[in-house]
Amino acid sequence: MREIVHIQAGQCGNQIGGKFWEVISDEHCIDATGTYYGDSDLQLERINVYYNEATGAKYVPRAILVDLEPGTMDSVRSGRFGQIFRPDNFVFGQSGAGNNWAKGHYTEGAELVDSVLDVVRKESEGCDCLQGFQLTHSLGGGTGSGMGTLLISKIREEYPDRIMNTFSVVPSPKVSDTVVEPYNATLSVHQLVENTDETYCIDNEALYDICFRTLKLTTPTYGDLNHLVSATMSGVTTCLRFPGQLNADLRKLAVNMVPFPRLHFFMPGFAPLTSRGSQQYRALTVPELTQQMFDAKNMMAACDPRHGRYLTVAAIFRGRMSMKEVDEQMLNIQNKNSSFFVEWIPNNCKTAVCDIPPRGLKMSATFIGNSTAIQELFKRVSEQFTAMFRRKAFLHWYTGEGMDEMEFTEAESNMNDLVSEYQQYQEATADEEGEFDEDEEGGGDE
């Protein structure tokens with residue numbers, strides 16, 4: 001079976017990752033001891049994508065938990081599903097990265113990375129046919145960003161033909177807990193552009209807006225934000241975990257979603273976003289789901305898709321519904337908003353349907369968009385980066401760990417290149433075709 005090895009790094013990565021395992025264990029009816037209590041073959045049919053089966057019919061997550069300080073991992077271990085993880089797969093240091101990318105990537109993290117790779121090897125060897133890796137981390141801190149990207153490049157070296165997929169939480173000025181976030185994020189993006197196949201950009205700002213506006217929560221906690229992230233991660237991985245009509249694996253997803261290797265940063269979305277109390281009262285219709293799913297307010301990245309164009313889109317519908325209706329609605333959206341889809345990739349919308357809805361909902365939809373509007377997110381980080389870097393503010397924390405200013409300059413220009421590549425494809429052919437049409441019309445008049 002096609003297995004995935006899951007890695008969670010740093011405080012944010014471990015919190016999101018921990019939540020992800022709670023949600024999918026729940027969907028597959030696996031309790032906190034790893035025992036299956038469900039009654040549906042569908043739940044077990046592809047269980048080994050994410051779980052190893054141990055003696056005594058225990059299911060153990062194929063997860064590796066990494067951090068440079070023990071705190072967060074202790075709280076995962078003492079949490080509701082803490083006992084389900086394999087004890088050997090907790091790998092942690094004592095020093096912490098102090099929100100410093102250089103510590104995570106070059107000094108503290110580099111010392112721990114070999115023991116993580118040993119566990120990665122052990123998990124990979126136990127796989128029948130490994131399809132790839134997924135990493136949950138944030139880009140604003142030190143461990144998830146610095147050590148996370150170090151792990152990615154090391155794993156890439158050792159498994160060059162396996163898919164590397166990340167769920168990356170991008171920092172935002174509205175929800176900031178460190179002043180050096182723009183540095184850490186830019187240095188990380190520099191790595192992600194080169195070394196991952198698919199990156200889901202999750203943005204705290206967007207998550208806060210959803211909690212405020214849509215869910216009407218007055219004081220959203222990180223718990224509420226992580227709840228949204230885990231719903232999205234569960235949706236995105238549905239096709240990998242359940243048999244469906246369109247059986248996706250990580251590679252098929254990449255083939256459908258990534259038209260140019262560097263442009264693999266996706267904007268996730270989820271529907272229905274209803275406050276936790278009111279969701280049972282009425283089931284949404286397929287048109288409503290489709291409408292909501294494409295709505296800018298439902299995007300987990302703080303970018304407005306109406307400011308750009310979609311290169312590719314994947315939608316995953318969950319629940320019992322008519323395939324025909326889903327296809328009609330998806331076509332309907334594309335036809336009505338055709339200017340927001342690039343015309344030089346025909347049929348750039350792919351849809352999958354899975355019969356099993358998430359807990360507590362009759363049906364749901366998850367959205368994955370590769371939109372040129374994601375450049376807004378990189379621009380935002382880049383502006384903050386430049387503001388500080390121009391004055392060399394805080395730079396001594398990084399050079400003190402042996403980094404060179406040159407690396408900052410390279411990362412900055414790589415990110416700016418990424419932005420202009422998105423811009424280039426956003427404008428592609430629309431203008432050229434426009435000029436071309438006029439010539440033709442001119443020819444027609446004669």
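Quick reminder: no glycine exception, Cβ is built from N, Cα and C everywhere.
The GTP binding site annotation in Swiss-Prot covers GLN11, GLU69, SER138, GLY142, THR143, GLY144, ASN204, ASN226. Taking Cβ-Cβ distances under 8 Å and a sequence separation of 6 or more, the neighbours of GLN11 (GTP binding site) in its chain are ASP67, GLY71, THR72, SER138, GLY141, THR143, GLY144.
Counting only residues at least six positions away in the same chain, the Cβ atoms of PHE92, GLY93, GLN94, SER95, GLY96, ALA97, THR143 sit under 8 Å from the Cβ of GLU69 (GTP binding site). As annotated by Swiss-Prot, Mg(2+) binding site applies to GLU69.
Marked as region 'Disordered' by Swiss-Prot: 424-446.
According to Swiss-Prot, the feature compositional bias 'Acidic residues' maps to 429-446.
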Candidates SER138, THR143, ASN204, ASN226: member of the binding-site residues with the richest Cβ shell (10 Å): THR143
Binding residues GLN11, GLU69, SER138, GLY142, THR143, GLY144, ASN204, ASN226 (GTP) - maximum C-alpha distance in whole Å: 23
Residues near GLY142 (GTP binding site) in space but at least six apart in sequence (CB under 8 A): GLY10, LEU68, GLY96, ALA97, GLY98, ASN99, ASN100, TRP101, LYS103, GLY104, ASN184
All-chain count of other Cβ atoms within 10 Å of GLY144 (GTP binding site): 34
